[in-house]
Amino acid sequence: LTNGTTWRWVVILNGLLTLSVFAVVTGCVLGFLLRSFNLSTQAKIYFSFPGELLMRMLKMLILPLITSSLMSGLSAMDTRASGRLGVLTITYYLWTTFIAVIVGIVLVLIIHPGTGSEKDGHHASSGPVMTSADALLDLIRNMIPSNLIEATFQQYRTDLVPIVQSANVKESQANYVYVMPDYHNPSLGHPVFLEITPAPDIKYKMVPSTSKGMNVLGIVIFSATMGLLLGKMGERGAPLVNVCQCINECVMKIINAAMWYFPFGIVFLVAGKILDMHDPAHLGEKLGMYFITVLSGLFVHGLILLPLFYYFFTRKNPFPYIRGLLQALVIALATSSSSATLPITMKCLLENCGVDRQIARFVLPVGATINMDGTALYEAVAAIFIAQVNEYDLDFGQLVTISITATAASIGAAGIPQAGLVTMVIVLTSVGLPPADISLIVAIDWVLDRFRTMINVLGDALAAGIMAHICKKDFEKAAAAAAAKAAKAANATSTDTASADTAPANNGGGPQRVRMRRIISICSGYMNPLKTSQENVCLFLNHNIEY
């Protein structure tokens, strides 16, 4: 074959991947071209509508995929093998996340992107913020949701509500103290004072609240628990396991059908984000070194360290494995959501990388929830960048605090776009940095969010390959033991049946014992564990078995 023919076959065999990459490039070009037309906000919303449909389509599949994958996957596992897989997976995720934080800290200290940068204007104080302890308690609360239905569309969150003490405010001035509704939660508000009003005493009260977004962590823990218990129930849990397997197969078929819409949706999703950008030239001048620092850290961690970990554990070339994940990585780049990319990642692992279905069904949902290597690296770099802008020198103890806090905060970050900005407050307050300075990096965060989501998805997929290699013998032993047990039971049944068929009808105690064994064997076949003993006797007699 000539080179032209070879490339033509490569494009044909990887048609969907080629279209997705072309869609990203087309979206970037189209977005920058349309910026010159100064479209209105309403026009931008209409233009981005196909991209919005893509995001809604992916998010629609998250809940059924996570629940069915975990419940059907863990129910089929041996208890000992699944326990070892869970411990190894979580340990590996925590280790790689901490390594990502260290990489980010080293690079930001070497490059010093915050040196020479200045703030634009005055940033008002945002008042008291949540402490790390409160954020940790919220994380634990979300692990055990009080209502599973609510967990499908909202999470628990503790809010600080300002209470104005009116003792030192005169009646004539009371009207000048008012509350502005919070943008994300209109039921809450922030106190605003006019200059003619003397500042009153304000106390902040912690109240339970909720935030929009699926409580993925709580759903993962519940589904994993259900899967383990269904496996222990044996035949009684088989009907529900079959339902979960059917749901999982249906979701994968929906994904196969919907994937041909993805390139079209990606064009408008990427172009719409570029239309929402403010002055790109000013952003590049102001945050260029910060952007380069984060991308360098993601490159080192994602394309050097993670493949090295894969090679160290499996002794296999990681890049053919990564090539099978390119479709998922492109979707992650376009959507900036590891949870929304989960269906595509699952498909790539099963069809392109040959990962065991049971392992993929467990490792990927857990990874999409707690494994945020790119987010942890970004939070560490951003915190030190803000310290450098404020000319705040961090000692070794504070760097250790940032590394630990960034690792813990990334675990609590939901797999949704720009979730790292929410948990960034925890990292900043842990070392006494002003949370209001997050505004320094918000303008460029949407771009970096896409690249760190790619690293999050890549880390999940490589972890699945590593766990499949490490736990391969455990699952082979469990499968062999189950097959031997089934074969032994089948042989015992066939032996009893053959003995009963060849024995004389009435010949003393021996044949009667054989006949009794046959009757008991047949009877056990008609026993229904969900019925009472009397109902089972009637069921047995209705089949006209001769004594």
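Glycine residues also receive a Cβ, built from the backbone N, Cα and C atoms like all the rest.
Any TrEMBL annotation is an automated prediction that lacks curation.
For 6-33, 53-72, 92-111, 213-231, 258-275, 287-313, 325-344, the entry in TrEMBL reads transmembrane segment.
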Have the transmembrane segment (53-72) and the transmembrane segment (258-275) got at least three CB pairs under 8 Å, pairs 6 or more apart in sequence?
yes
Near the transmembrane segment (92-111) in space but 6 or more residues beyond its ends, with Cβ under 8 Å, are 289, 292-294, 296-297, 300-301, 305-306, 309, 366-367, 370-374, 376-381, 384-385, 388, 399, 402-403, 406-407, 410-411, 455, 459, 463, 466-467
Can you find at least 3 Cβ pairs under 8 Å between the transmembrane segment (258-275) and the transmembrane segment (213-231), where each pair is 6 or more residues apart in sequence?
no
